[in-house]
Protein chains: 2
Amino acid sequence: MFEDNSPKTSLSELGEFGLIDHLTRFVEIYQPSTLKGIGDDAAVINHKDEATVVTTDMLVEGVHFDLAYMPLKHLGYKAVMVNLSDVYAMNAEATQITVSIAASNRFPVEALEELYAGITLAAKTYKIDVIGGDTTSSTSGLVISITALGKVNPEKITSRDGAKPNDLLVVTGDLGAAYMGLQVLEREKQVFKVNPNAQPDLEPYSYLVERQLKPEARKDIPGLLAALEVQPTSMIDISDGLSSEVIHLCKSSKVGANIFEEKIPLDPAVISVCEEFNIDSTTIALNGGEDYELLFTVDQKDFDKIKANPNLTVVGHITEEREGMHLVTRGNQKIPIKAQGWNSFDDANEED
Amino acid sequence: MFEDNSPKTSLSELGEFGLIDHLTRFVEIYQPSTLKGIGDDAAVINHKDEATVVTTDMLVEGVHFDLAYMPLKHLGYKAVMVNLSDVYAMNAEATQITVSIAASNRFPVEALEELYAGITLAAKTYKIDVIGGDTTSSTSGLVISITALGKVNPEKITSRDGAKPNDLLVVTGDLGAAYMGLQVLEREKQVFKVNPNAQPDLEPYSYLVERQLKPEARKDIPGLLAALEVQPTSMIDISDGLSSEVIHLCKSSKVGANIFEEKIPLDPAVISVCEEFNIDSTTIALNGGEDYELLFTVDQKDFDKIKANPNLTVVGHITEEREGMHLVTRGNQKIPIKAQGWNSFDDANEED
C-alpha cells in the first residue's frame, strides 16, 4: 500500500480533533447555501425555495474495495461519486457532503491524507462543500460513510415511480466498462501474486480501469435535460447493473419494460476485452455494475429532443406491468430480466 | 449476545435490498417537511423558510461500544441520541436521520432487527423520520453511521463562537452519571468473567446505567429557551466531558472561562458511586463524557430568566481570552482546565 520509506505518523499522535483539523485544512466552500461548515456541533445549509435532497452510502474495505489495487486517493474520489450519482438521479444539483471515516491504527495519517485528497479533489471538481463528518478508529479495516446533499426545484424531482407505459427508456453514456476494469485489475493482482516483478501493461485497458478506479458521476445530465426542456418521468442511477435498476424502476412504477440488446451502449474497449475474457458483453452491461450512469424514462413526445444527443441512448420502452420485464435479443428472443447485481451479503463476496 | 435458541436468519438469505425493506418496514413519517423518504436514490426534504442543520456521527464496535453489556436495541437508540444532541446544540429542531449499518455475517437478521427497533423507538419518541440509509456487510464488526438533519430559524442558530466576556456559562441536567454507569458495567463484566453464574444487582445503579445505556438528548432545551425568551450567545453539546467542551467553546469564541467546582450539577447517585469507586466526582463531571447535556452561554441580563429553572445550572462565567480557562475549587484555588476527554485514537482504547 505504501511504497516509499518516508516516516509515517500514527493516528494517535494527532488525536481525534487534531486529525480532523489536519485532514480538513484544505476544505473550501463553493456553495452560497452553506451557512456554516466544519467546526461546530452541526453544519447549517439553506436551500431557500428549493427542496433538499439527501442520500448516503457506506463503503467497507474487503467488501466494496480492495486496497491492493485501489489507491486511497481514488477511493476517496469514488466514495464521493457514488453519492453524487444518487443526487443527480433525482434531477438535482449536488451541493454538500459529510464524510465519516473509521480507520484502524495500521493506517498512518499519511494514508488518510491520501484518502482526503481524493475527497477534496472530487469536491473541487464538482463544486460541492465538505460540511462535516467524523473520523474515528476502527478495530480492523477502513469504512467510509458519506452523506450527500443537493437542491432541486420541487417540480423537477424525478423519482423511480413515475414511469408510464409507452415511455422511452434512456441510458446515459455506456455500460459495462467499470466491471471489466475490475476484471482486468483482478487478473493483474493474481499475476502479481505469482510474480511480484511482473510489470502490468494496463495501457490497452486504460478506459476500463479508469471507469473502475475513477468513475465520474453524471453532473451534466440534470442541466442537459433542462437545456433540452425534457422532464423525465422517472430516473435512477445505474450502480448495480442495468438489469437491477430496470427492475427497481419498474417495480416502483408498477410497469413492465422491453430492453433491446442491440441498443445497449457499449464502448469498443468493452467489446474487445469481453472477447479476450470470453464473456458475453450484454451480460456484463446488464449485470456488471458501478457504471454510475443514469437510467431514465421520458414521454414519447420528447423523442425528437433527445434522439441526436451523443450522451443519451434509447434502449427500450415501458410496457404494462402484466407484460413483465424482458430483454429482446439480437435474434428477437424475449428473455425475462433478472437481477444479478451486486449483493454485499452474498457469501461469495465475503473475504473473511 | 443471543441467549435464546430460536432459529436465526443469516443476512445473505435476505440479500441487501430485502434486508433494507425488512428492517425499515416499521418506519413512519412524522415530519411534514419529509417529501420523500426511503425507497428512491435519495430522500427529499423541504424546510422552506428555515435553515437545515446537518450533523453526522459514526459508532464502531470495540471502540465506542461493547456488545457484552450494550444490548443492540439500546445501541440503536443511543446512536440516534448522539446525533440529535448535536442538532439541539445548534438550538434547532431535529427532523430526519439517515442510518447506515455495516455488519458481518456473525450478526443474524434478528440482531439487526433489534438494532433497528432501538432506532425506530428513538425516531418515534423524538418524532424524527428515518429517510434513508445503507445496509452492507463488513468483514469484521458492527459500524453504525447516522446523519441527522434539523431545522432552525437562521436568526436562532447558536454556534460555538458567540460567547462574550461576562456571559454566564450554563449546563443542563447533571454530569458524570453516564461515565460512572460505564464503570459499573465494566466491573460487572469482570465479575461475570470470573464467575458466569453471578447475578449482578444493578438496581442501586439504575440511574447511572440508564444514563450510559439509554441516554436522552435534550430535545426540550431549544423550546425551553424560546419559552424563556433567552437567545444563548453560544452552545455546544457535552459529549466528551465538561472540560473538553468548555475548551472547544472558549477556543471558538476566543474567550476564557471560570467554572466553579461547587456549582457543577451532580446527581446524588454519582456522588455515592464515586465514593464507592474512590474517584473524585468533580474529575468525573469534567472528563467523563457521554452525558449528552448542553453547555451554553447567555448574557448576564438573562440571569433572572434562567435562575429558577431546575433544568439549568449556572456553573461559571466567560472571561477575557488572556485570563485562560480555570476551575475554581471549593478551596478557592484556580486550576487550569485541560482536555482529558475521549480520544478514540488513543492506543489505550484499542481492543485489537
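In case you wondered, yes, glycine gets a Cβ from its N, Cα and C as well.
Record check, TrEMBL: Mg(2+) 3 site residues include B:D41, B:D86, and the candidate from B:D201, B:D220, B:D237, B:D240 also listed there is B:D237.
The domain 'PurM-like N-terminal' (B:39-152): residue composition by secondary structure is 35 helix, 45 strand, 34 coil, according to DSSP. A gap of 35 Å separates the Cα atoms of B:D240 (Mg(2+) 5 binding site) and B:D41 (Mg(2+) 3 binding site).
Proximity of B:G133 (ATP binding site) to non-local residues of its own chain (separation of 6 or more, Cβ distance below 8 Å) is seen for B:I20, B:T24, B:I38, B:T98, B:V99, B:S100, B:I101, given in sequence order. Taking the Cα of B:D134 (Mg(2+) 1 binding site) as the reference point, the closest of the binding-site residues B:D41, B:H64, B:R160, B:D237, B:E290 is B:D41. In the three-state DSSP reading, B:D240 (Mg(2+) 5 binding site) counts as coil.
Among the binding-site residues listed (B:D41, B:D57, B:H64, B:D86, B:E290), B:E290 has its Cα nearest to the Cα of B:S239 (ATP binding site). Residues from the set of binding-site residues B:R160, B:D237, B:D240 situated with their C-beta under 8 Å of a chain A C-beta: B:R160, B:D237.
Annotation for B:D86 (Mg(2+) 3 binding site): spatial neighbours B:T55, B:D57, B:A148, B:D237, criterion Cβ-Cβ under 8 Å with sequence separation of six or more. Annotation for B:T56 (Mg(2+) 1 binding site): spatial neighbours B:N83, B:S145, B:I146, B:T147, B:A148, criterion Cβ-Cβ under 8 Å with sequence separation of six or more.
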